[in-house]
């Protein structure tokens, strides 16, 4: 429980502020938003834990301290304001006042940019999944007929197969949409992912890989996961502070969960958890890309993610028992 003490304290303080903003109704909405954020981010916690395993203690702590500040104020407050600011060509202060005085219009403008947000997040997450799925060094397979067969082994012979497949998907998006803003958003995500990977390779020799680059990668991963929650939160509230408190509290619990997984070496004991998390990432990537064409409930997104994690957890237990 010690890993979650700070999360409970921050959540309590957040709910106290919410009460002064809008009484018990605001507190209840914050609670629902916290649950929404956690349910959408089980897979995020598992993937974070995998990366944090290779980071020093000081950077693990910075992930909680600096990282939560970026997650709460950066992604849950400033990011949506920045999107609306760019869309309206207004300053950040003016946009912030718009969010306070006319939340309906603010939400409407943000919603007009949601397709670009979804396709950026979907592209970034798809690269994460493809990089995992076609990893030549991976020797643990969960769904072996699907993960290790003639076709996958053939594809693994090619260098940069993940990037190639992502580019093919990009060509399909160009053919289907023809929308230059969607195309730019998708390829920006692909470029950003590969830039981070290249920085990782450059800095891997002197240990910075486990610090700055790993931290930046984790923050981008968190951002990609948060897009869905930030936009979906407006279904429950149009008050930007209520949304920030609710989703921020959830983000804090996800970070605490990540540290718990790292300290208890959970990924070593439950070997298929990482697989389940990446399949959940794949499902989320597909859903985010599809959301540019259709409405898909956050309930389905959260259920799929949690389902993959739960299934991989149970399979890990059965695997351990079978080996004894």
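Every residue, even glycine, has its Cβ placed from backbone N, Cα and C.
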| Which listed span TrEMBL calls transmembrane segment, if the choices are 99-116, 117-134 | 117-134
| Which one, 63-87, 180-199, 240-262, 269-290, has the most C-beta pairs under 8 Å toward the transmembrane segment (12-42)? | 240-262
| query | Counting only residues 6+ away from its ends, which parts of the chain sit with a Cβ under 8 Å from the transmembrane segment (240-262)? | reply | 3-4, 6-7, 10-11, 14-15, 17-18, 21-22, 26, 29-38, 41-42, 44-46, 48-49, 52-53, 60, 63-64, 67-68, 71-73, 75-77, 80-81, 99-100, 103, 106, 222, 226, 229-230, 233-234
